[in-house]
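J.: What follows is a structure written as structure tokens; I'll ask about it next.
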């Protein structure tokens, strides 16, 4: 039997079965009046794909169809399968199964309301993203068929920003966001905000900056840097937030006429 459910690890000697992984999944349903619990499953590496998402799909298809989780691209592009694996926020489609630990603990993203099992409610997260107006705002005629020119140098300013997939791994790892998620925008949304602030094609740089000048929206960041450590795309939200603060400081000290894109 290569895939089965266990009630306790004591029924399996994992030290003698190195090709097996014990998967412990957090379970809870917000629609039911039950306390959270853990379901434990065993997956054989011999007939399962190499990543955690493969194991979750195998468990759902062959053992327990009630296990709920999000997934889509399987390539680290969409960010749908963001969960907490062994205490670290990551994408299930990027985290390998063949790690040193025989037991793999799988939780939903921390400090976000759980809908069911590994599925969290991202309503507030997306509402905050909408708040920064994440689209190009230009005074040029939008009906024109001619593209808005951007130099190669200006394009380079977007590197390390546009790659963000809004998986929420960074925001869910930030203690400041845990305590102030209703006011603090969090590292993911602030990184996205900076992506539009530095875009040379956008004409609303000043208003975008001023909209972040708030003791909670921006300044709850205390450079703990969990966001940078956990980002599956290897981005640096902490550095980006510091850059936003610096630009606002320059604006206050040197005045609005300063080149905000420098």
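The backbone N, Cα and C atoms fix where each Cβ goes, and this holds for glycine too.
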J.: Please state which member of 63, 93 Swiss-Prot lists alongside 73, 78, 81 for binding [2Fe-2S] cluster.
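T.: For the [2Fe-2S] cluster site that includes 73, 78, 81, Swiss-Prot also lists 93.
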J.: Return the residue out of 48, 231 that Swiss-Prot annotates for the same [4Fe-4S] cluster site as 164, 167, 170.
T.: 231
J.: Centre the Cβ atoms of 73, 78, 81, 93, go out 8 Å, and tell me which other residues of that chain have a Cβ in range of the [2Fe-2S] cluster site.
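T.: Same chain, not in 73, 78, 81, 93, Cβ within 8 Å: 53, 71, 72, 74, 75, 76, 77, 79, 80, 91, 92.
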J.: For the recorded [3Fe-4S] cluster site formed by 174, 221, 227, which further same-chain residues have Cβ atoms within 8 Å of the site's Cβ center?
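T.: What remains near the Cβ centre is 170, 171, 173, 176, 177, 186, 187, 190, 223, 224, 225, 226, 237, 238, 241.
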J.: Going by DSSP, is residue 179 (ubiquinone binding site) sitting in a helix, a strand, or coil?
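T.: The residue in question, residue 179 (ubiquinone binding site), is helix (DSSP, three-state).
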J.: What does DSSP say about residue 227 ([3Fe-4S] cluster binding site): helix, strand or coil?
T.: helix
